[in-house]
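These come from Swiss-Prot:
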REPEAT    90-129  repeat 'WD 1'
REPEAT    132-174  repeat 'WD 2'
REPEAT    175-214  repeat 'WD 3'
REPEAT    217-256  repeat 'WD 4'
REPEAT    259-298  repeat 'WD 5'
REPEAT    301-340  repeat 'WD 6'
REPEAT    343-384  repeat 'WD 7'
REPEAT    386-415  repeat 'WD 8'
Amino acid sequence: MKLKSFLLRYYPPGIMLEYEKHGELKTKSIDLLDLGPSTDVSALVEEIQKAEPLITASRTEQVKLLIQRLQEKLGQHSNHTFYLFKVLKAHILPLTNVALNKSGSCFITGSYDRTCKLWDTASGEELNTLEGHRNVVYAIAFNNPYGDKTATGSFDKTCKLWSVETGKCYHTFRGHTAEIVCLSFNPQSTLVATGSMDTTAKLWNIQNGEEVCTLRGHSAEIISLSFNTSGDRIITGSFDHTVVVWDADTGGKVNILIGHCAEISSALFNWDCSLILTGSMDKTCMLWDATNGKCVATLTGHDDEILDSCFDYTGKLIATASADGTARIFSAATRKCIAKLEGHEGEISKISFNPQGNRLLTGSSDKTARIWDAQTGQCLQVLEGHTDEIFSCTFNYKGNIVITGSKDNTCRIWR
């Protein structure tokens, strides 16, 4: 085995090794999820070298420099104050969703007007209009980290795959018998998964546009789906109160997560694929062992439905957003609530961490988005200006740009 090169992954911190084995180029990753600004770099490199024979003594200084770069990134933009950069009158009818590509250079909006629009983040200029759906475009996603394709799911029961650069439609995926309300690319960007009100999810081949398999088993609408980091598992959350874990290669059921007593609102894996987090209208979130499907904790405290939930990039923190107007931060290790985020005057429908994991972004029906300190729960900033409910808000990969989407038909870029 011969080491060819290093690649850095900033969030969550990690080093990818490209190496040659029997004439074939392979990659492996060293996850540094515990890396912090005060980590002893020399001791860490020593530890890595004990476990990884590819990193020989001659590479020691190089690896130290790489880890120092990762440390610097963790501290960047941590005290960033956001200012309104642009208001985009994005569509003539209400927006449904907003998604950013990985670099944050462009983003996409979906709308009730049956179109999607691609926007340049730096200028706020429209790049392309994606036309062809015959009903509301509800679900949208980029094939991050590549970002050269986008998928759109519609109430017209189809999903379309588009070129980001040209706006050309590559494929129209047909087969669902009801509205498509969620979708996701696998990390390898070879498959698109779609979830529908017809109670099924489907996997589609990006290259040839063919259906790979149908995931059947839910008895009610599927409203949430996501792949794990390695792309070999997919989870679907349904109005039937259950979450199902599927084998992404065969389409077979791996586990059924039964425990919630109302509709599921969100379901996702943590970074290392060991845990699954589910949020429900029953006012709780549950943590599950991703291998055996057993519930390991129930996160309680909210007085109303959980509308969104998420892990930070490392999987150490969990955030929950509720119709009770508050958000909460939990430790994934102790399962204890470490902060309660109070200040919104309406339900919170969206929540996400910045890539560095020290800030939280919430969007609410009170027409504002807020930035919070993820350790203390203190509100650091209120993003005001929308004239109707905010249903979508997201950080870019660097954590220095925020996009908000509202029922007032506008999108705002904050930087």
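Keep in mind that glycine also has a Cβ here, set from the backbone N, Cα and C atoms.
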| Hey, which of 90-129, 175-214, 217-256 has the most Cβ-Cβ pairs under 8 Å against the repeat 'WD 8' (386-415)? | 90-129
| said: Can you break down the repeat 'WD 5' (259-298) into helix, strand and coil residue counts using DSSP? | reply: 0 helix, 21 strand, 19 coil
| message | Cβ under 8 Å, sequence separation of at least 6 from the ends of the repeat 'WD 6' (301-340): give me the contacting residues as numbers and ranges. | response | 11-12, 33-34, 262, 265-266, 268, 270-272, 274-275, 277-285, 287, 346-353, 355, 357, 360, 362, 364, 366, 372, 374-377
| query | Excluding the flanking five residues on each side, which residues at least 6 beyond the ends of the repeat 'WD 1' (90-129) place their CB within less than 8 Å of a CB in that stretch? | reply | 135-142, 144-147, 150, 152, 154, 162, 164, 166-167, 391-394, 396-398, 401, 403-407, 409-411, 413
| message | Using Cβ atoms and a strict cutoff of less than 8 Å, what residues sit near the repeat 'WD 3' (175-214) while being 6 or more residues removed from its termini? | response | 135-136, 138-144, 146, 149, 151-155, 157-159, 161, 220-227, 229-231, 234, 236, 238, 240, 246, 248, 250-251
| message | Restricting to the repeat 'WD 6' (301-340), what is the model's mean pLDDT? | response | 98
